[in-house]
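> What follows is a structure written as structure tokens; I'll ask about it next.
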Amino acid sequence: RESDHRAWTPVSYTVTRQNATIQGLIQGKAYFFRIAAENIIGMGPFTETTKEILIRDPITVPDRPEDLEVKAVTKNSVTLTWNPPKYNGGSDITMYVLESRLIGKDKFHKVTKEKMLDRKFTVEGLKEGDTYEYRVSACNIVGQGKPSFCTKPITCKDEIAPPTLDLDFRDKLIVRVGEAFSLTGRYSGKPAPKVTWLKDDTVVKEDDRTKIKTTPTTLCLGILKSVREDTGKYCVTVENSTGSRKGFCQVNVVDRPSPPVGPVIFDEVFKDHMVVSWKPPLDDGGSEITNYIIEKKDTHKDLWMPVTSATVKTTCKIPKLLEGREYQIRIYAENLYGISDPLISDEMKAKDRFRVPDAPEQPIIKDVTKDSAVVVWNKPYDGGKPITNYIVEKKETMATRWVRVTKDTIFPGTKFKVPDLLEGCQYEFRVSAENEIGVGDPSPPSKPIFARDPIAKPSPPINPEAVDKTKNSVDLSWQPPRHDGNGKIIGYLIEYQKVGDEEWKQANLTADSCPETNYKVTGLTEGLTYKFRVKAVNAAGESDPAHVPDPVEVKDRLEPPELILDANMAREQHVKAGDTLRLSAVIKGVPFPKVTWKKGDHEVSPKADIEVTGVGSKLEIRNTVHEDGGMYSLTVENPAGSKTVSVKVVVLDKPGPPRNLNISDVRSDSCYITWMEPEDDGGSVITNYVVERKDVASAQWVAISSSSKKRSHMAKYLMEGIQYLFRVAAENQYGRGPYVETLKPIKAIDPLHPPGPPKNLHHVDVDKTEVSLVWNRPDRDGGAEITGYLVEYQEDGADEWTKFQTVPMLDCVVTGL
């Protein structure tokens with residue numbers, strides 16, 4: 001029955017088990033239940049539940065929480081969030097349990113506080129570099145549910161994220177003067193980036209008008225009441241340890257322009273109009289000047305009259321003027337943002353004020369040559385209009401007609417080189433100036449000049465120096481002057497002065513006595529010190545003197561010998577036989593050294609040509625032979641010392657003859673030839689040997705080897721019994737040397753040996769003083785026919801054998817026993 005009803009409702013008529021399932025109950029209502037047992041006799045008493053039972057689903061532990069995520073990681077903390085389980089087990093979640101496990105350990109440890117219902121938690125106090133994994137469980141009144149899936153392993157370290165920058169402004173910003181503007185944006189990054197503002201590469205600092213505001217996520221630069229100086233390129237930099245980002249904005253603070261720059265220039269003034277010009281404003285207000293507004297005013301009136309407001313040029317024609325009246329001009333500059341203050345001119349009277357130029361002053365003539373002259377003049381008054389051309393004219397002094405020198409324009413220079421003059425003629429010149437009004441009067445004529453090359457004194461000689469000296473003379477040398485003054489140098493004057501004296505003495509009386517650039521000053525006193533100087537002379541006169549830099553003491557000069565070797569005196573000189581050997585060197589020294597050439601410790605060969613000059617020495621041997629090789633030395637000696645250099649000369653030639661030619665191991669068809677290398681290889685490696693043979697009966701030598709590098713050869717294919725001669729020569733890259741020949745011929749026969757012993761010696765008869773012996777031929781005859789048998793006898797007990805005789809046959813009777 002329902003707990004609020006009194007009537008019982010049967011739910012089963014026959015149940016044989018000790019349990020029953022009751023269907024059709026309403027969730028949320030409370031019920032009482034009773035049970036009675038029944039048998040065939042009848043039903044027993046009911047047993048009733050003691051308290052009501054509320055109908056609802058059974059309660060279990062919650063499911064696992066979902067979406068466990070790591071939101072932030074630092075070197076000592078981890079922040080995690082999660083979502084509730086899909087099913088709470090039929091009972092409200094009472095708390096969450098967060099657990100962590102250090103990687104490498106087995107167990108999870110609880111890290112949350114008691115009764116934590118928040119789904120976000122920061123685990124603090126961790127050790128930098130440790131790695132953990134986390135899981136979370138939900139609890140209800142039944143108990144703790146399954147844990148969530150574990151996070152990935154998380155290492156404790158500061159999170160790094162490069163900066164990001166999101167700007168609210170564009171690349172360009174235009175602001176009117178007096179208005180405020182701000183540059184804003186958002187940024188992020190880990191670690192927190194540093195924010196820097198720059199204007200035209202200079203750091204922006206806060207002041208009364210400039211405000212900078214930076215939060216952990218936003219940035220802002222604000223400027224109040226902007227002025228023109230706020231124009232520039234602004235840059236914001238967001239930077240941390242991982243990198244930086246930059247944002248740029250070109251801010252243009254605009255205003256009306258400043259006034260045009262004066263003064264107003266009256267370029268042209270006529271009786272009915274003027275042309276004026278001016279310069280643009282120093283500041284265009286940040287916007288291009290669109291036009292100028294020009295007004296005029298008669299100074300007798302207060303009314304300004306418009307001329308034009310459409311010109312963009314900085315010049316303007318002012319029309320409709322009354323002759324003789326004075327006028328002022330007023331000019332404004334205008335851009336998109338307004339009109340400037342005016343520029344006002346001085347007063348100017350309307351009248352014609354231009355004429356042709358005045359006549360120039362008398363021109364001056366310079367740089368006259370035999371066919372040209374340079375005319376120079378001063379600029380005259382231009383008559384109010386700029387001079388556009390000068391007209392130069394010439395005439396011969398005795399003539400009456402002036403001739404223009406060129407049809408081309410001569411401007412802006414005030415000098416002109418007149419060409420095509422006739423040498424020796426006398427000329428005058430004059431100049432006129434021209435402007436757009438016309439040509440002015442000519443200048444007075446110049447002073448007359450003759451067309452011929454001028455001669456000036458030469459410049460001084462160059463680098464005079466004392467190059468040698470003796471006990472009573474000094475040798476001087478110099479170089480010609482840089483400029484001869486357009487006249488031929490006649491010669492040079494040389495002067496000397498004893499140190500301490502004031503007077504200079506002349507070494508030569510006339511310049512033509514020293515036409516060359518050297519001179520020996522003689523008649524000086526030994527031991528005294530002198531100064532020297534040289535002058536160049538042409539038809540115009542003497543040049544300034546050029547001084548020898550240092551005073552010179554007059555005495556014999558001693559300089560130790562010095563050898564400057566030519567290339568052919570390198571350490572080793574190779575010469576091909578038959579060519580010419582040349583050894584040479586430059587020799588210095590004072591007095592000039594004695595020169596000695598030697599080969600080894602001996603004098604050089606008489607065939608050598610030795611030449612000694614004042615500057616060096618040369619040794620030359622023509623048609624060199626191998627014997628000309630050796631160590632050559634050159635010795636130079638004077639009282640100040642001596643010097644020796646040596647050079648090894650190798651004359652490259654054919655090699656000498658081989659040595660120790662020997663024939664051995666002669667057979668009937670071959671023999672073995674050996675030799676030693678030549679004493680002299682000709683200065684080059686021996687490349688091969690040539691071996692030849694000759695039948696003594698023949699005149700012809702036959703080559704049996706021409707490429708052997710060894711010093712031996714097996715001569716084969718000989719004819720038995722024939723007598724042969726052999727010869728050998730060595731070759732190198734310069735040719736074949738002489739042959740060495742065997743002293744006597746050899747016969748091609750096998751070698752002879754002693755014959756073997758006779759066989760089966762025995763006696764066939766004996767007498768009292770003689771014995772008859774017989775024997776057989778030996779097994780070997782030693783390579784030659786047996787010519788006889790030597791018979792010897794020995795008395796029993798004696799040591800010596802006694803020769804009896806040599807017999808040709810196989811028997812013998814020994815007598816005299």
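Each residue, glycine too, has its Cβ placed from N, Cα and C.
Found this in TrEMBL, in case it helps:
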DOMAIN    1-58  domain 'Fibronectin type-III'
DOMAIN    64-159  domain 'Fibronectin type-III'
DOMAIN    163-252  domain 'Ig-like'
DOMAIN    259-353  domain 'Fibronectin type-III'
DOMAIN    359-454  domain 'Fibronectin type-III'
DOMAIN    460-557  domain 'Fibronectin type-III'
DOMAIN    561-646  domain 'Ig-like'
DOMAIN    657-751  domain 'Fibronectin type-III'
DOMAIN    757-817  domain 'Fibronectin type-III'
> So how many of the residues in the domain 'Fibronectin type-III' (460-557) end up helix, strand or coil by DSSP?
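DSSP classes over the domain 'Fibronectin type-III' (460-557) add up to 3 helix, 44 strand, 51 coil.
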> Please compute the mean pLDDT of the model over the domain 'Fibronectin type-III' (757-817).
89
> Write out how many residues of the domain 'Ig-like' (163-252) are helix, how many strand and how many coil, based on DSSP.
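Breakdown, helix to coil: 3 helix, 58 strand, 29 coil.
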> What are the DSSP helix, strand and coil residue counts for the domain 'Fibronectin type-III' (64-159)?
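Residue counts in helix, strand and coil order: 0 helix, 42 strand, 54 coil.
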> Which residue counts does DSSP yield for the domain 'Fibronectin type-III' (757-817) in the helix, strand and coil classes, in that order?
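Residue counts for the domain 'Fibronectin type-III' (757-817) by secondary structure: 0 helix, 29 strand, 32 coil.
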